[in-house]
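S.K.: I am attaching a structure below and will ask some questions about it afterwards.
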Amino acid sequence: MNTNTVKKSLKDSVITRWAMLLLVGFVLAANYYFYDALSPLKSTLTKEFGFSNTDFGLFLSVYSIPNVFLLMAVFGGIILDKLGIRRTGFMFVAFMAFGALVTAYGASDMYSNNGVGYAFMSSIFPGYSPELKMMLLGRFLFGLGAETSIVVISKIIVKWFKGKELALAFGVKLGLARIGSALAFYLSPILIKSETGWTTAIWFAAFFVTSSLLVFIIYMMFDLKLDKQVKPDNSVSESNEFHISDITDLLKNRSFIYVTLLCLTFYSAVFPFFSFSADFFLNKFNLTLEQSGKISLLMPLGTVIFTPLFGFLVDKYGKAATLMIYGSLILTMVHLAFAFTTLSPYVLMVVLGIAFSLVPASMWPSVAKMVDEKRIGTAYGFMFSVQNLGLWAFPLLTGVILDYTNVEGVKPIDYTYSMVMFASLGILGFIFALLLKREDKLSGYGLNLPSNSK
Ligand SMILES: C[C@H](NC(=O)[C@@H](N)CCCCN)C(=O)O
């Protein structure tokens, strides 16, 4: 046997690795679809179950509770680095599907007509409707599974693409996720009008997530095959002991701290805003639900094009640290424009899509430069838990601000103060992006260098 022969594995085949990306992209699209599917239904939930702005904010933010207060994304990342992609992925995608089904059940007539759990939910916290409580439980379980499954998918991308087209792959992966969000804003307002009742919109979302579990099982077969090729005797598993120093080392790494804080502030100014955006356009520009839903979906649609494009540019020319600064600045300007001008929301949402491509396309592959691949699950999990603090607090705060600054039942709802809050988060993100770039000169991770030069 010629010992100089370099053994080819599945990931050396361009077609196979991009096919893997499509498989896990489907799982991610389903995840994002469900996350956003109820946002265009805010006014329907108010009509059907009497949700206030705060109730709606609570419903959005309960997604993050397991990840912030039970540190599930951190534990998920540690479990991932220890148990490996297949077992961890299966477990958390299954949680996500179960949570989605419970949410849909909570909104269904089956449940309202004294279905399983109705009596119990009626007996606790009587200030909240039984529907809201069951839906909160479902979204809690969904969030528990959804965040760690994004960590798993990020690790899958690093596994197949590191040293190759990593930033482009992250960009395409995020593009697929955003197609899920865009579809949600497009389809939900249509599905609520369906003959089978408005809850069809939620059931459809829940079945989409459930189907993604089957797709993940298909991915697992390829993952197993790759592991057998890369570790032929299969005796060395992916598992790895976790040491507390894995976390303390991350906390001592200033670049990692800045990127985590940027992640927290930037995403807190995007996802919570996005969840309220259909209602915001409806109120500020006096539009119908369908019109405002269509404006909202311009942002994720824009990112479908721009994120892979910026990913490609980051791979080829670098400049990730600089692009994160521009992204945060643009984000701030868009929120200020939403707050104080009547500039076309169509244009502003596309510009927001550019900001929301610049930062993610640069941020996630940059982490792979700062952290060893064996610890990447822990690192992404940690970032997600911190970020979820924002995804928990800011939808809630938005709802509270809206209820506080508006008279109940009076339309249109004024969003100015909420938009100022989002713009302030953008400014903080801008500061952390500047600090990250400065730190990179000292640490030498080469965040501004092309992907394959590090
Ligand atoms: C990769 C990144 N996703 C996240 O940061 C998630 N923790 C939050 C997802 C919440 C909405 N689905 C992204 O989408 O850029």
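Any Cβ shown, glycine's included, is placed from N, Cα and C.
What TrEMBL lists as domain 'Major facilitator superfamily (MFS) profile' is 17-441. The transmembrane segment annotation in TrEMBL covers 15-35, 55-78, 90-108, 136-154, 166-188, 200-222, 256-275, 295-314, 321-340, 346-364, 376-395, 415-436.
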S.K.: If you count Cβ pairs under 8 Å, which stretch among 90-108, 136-154, 295-314 touches the transmembrane segment (166-188) the most?
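M.R.: Looking only at 90-108, 136-154, 295-314, the most contacts with the transmembrane segment (166-188) come from 295-314.
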S.K.: Hey, does the transmembrane segment (136-154) touch the transmembrane segment (256-275), meaning at least 3 C-beta pairs closer than 8 angstroms, sequence gap 6 or more?
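M.R.: Stretch pair does not touch.
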S.K.: Pairs 6 or more apart in sequence, C-beta under 8 angstroms, 3 or more of them: is that satisfied by the transmembrane segment (15-35) and the transmembrane segment (200-222)?
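M.R.: Contact between the transmembrane segment (200-222) and the transmembrane segment (15-35): present, because at least 3 Cβ pairs are under 8 Å.
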S.K.: Counting only residues 6 or more past its boundaries, what in the same chain has a CB within less than 8 Å of a CB in the transmembrane segment (321-340)?
M.R.: 262, 266, 269-270, 273, 280, 284, 310, 314, 348, 351-352, 354-359, 361-363, 366, 415-416, 419-420, 422-423, 426-427, 429-430, 432-434, 436-437, 440, 447-448
S.K.: Restricting attention to the domain 'Major facilitator superfamily (MFS) profile' (17-441), give the mean pLDDT.
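M.R.: 92, rounded to a whole number.
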S.K.: What residues in the same chain, six or more past the boundaries of the transmembrane segment (136-154), come closer than 8 Å to it by Cβ-Cβ distance?
M.R.: 24, 27-28, 31, 34-35, 58-60, 62-67, 70, 72-73, 76-77, 79-80, 85, 88-89, 92-106, 170, 173, 209, 364, 376-377, 380-381, 384-385, 388
S.K.: Do any residues of this chain, six or more beyond the ends of the transmembrane segment (200-222), have a C-beta under 8 angstroms from a C-beta of it, and if so which?
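M.R.: Same-chain residues near the transmembrane segment (200-222) but 6 or more away: 10, 16, 20, 23-24, 26-27, 29-31, 33-34, 37-38, 41, 86, 89-90, 93-94, 96-97, 100-101, 103-104, 107-108, 142, 156, 184, 187-188, 191-192, 194.
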S.K.: Report, as numbers and ranges, every residue of the chain located at least six residues beyond the transmembrane segment (90-108) whose Cβ falls under 8 Å of a Cβ in that stretch; write 'none' if there are none.
M.R.: 27, 31, 34, 48-49, 76, 115, 131-146, 148-149, 152, 199, 202-203, 205-206, 209-210, 212-213, 216-217, 220
S.K.: Mind checking which residues of the chain, 6+ beyond the ends of the transmembrane segment (295-314), have their Cβ under 8 Å from one of its Cβ atoms?
M.R.: 39-40, 165, 167-172, 174-176, 178-179, 181-182, 185-186, 274, 277-278, 281, 287, 320, 323, 345-346, 349-350, 352-354, 356-358, 360-362, 365, 450-451
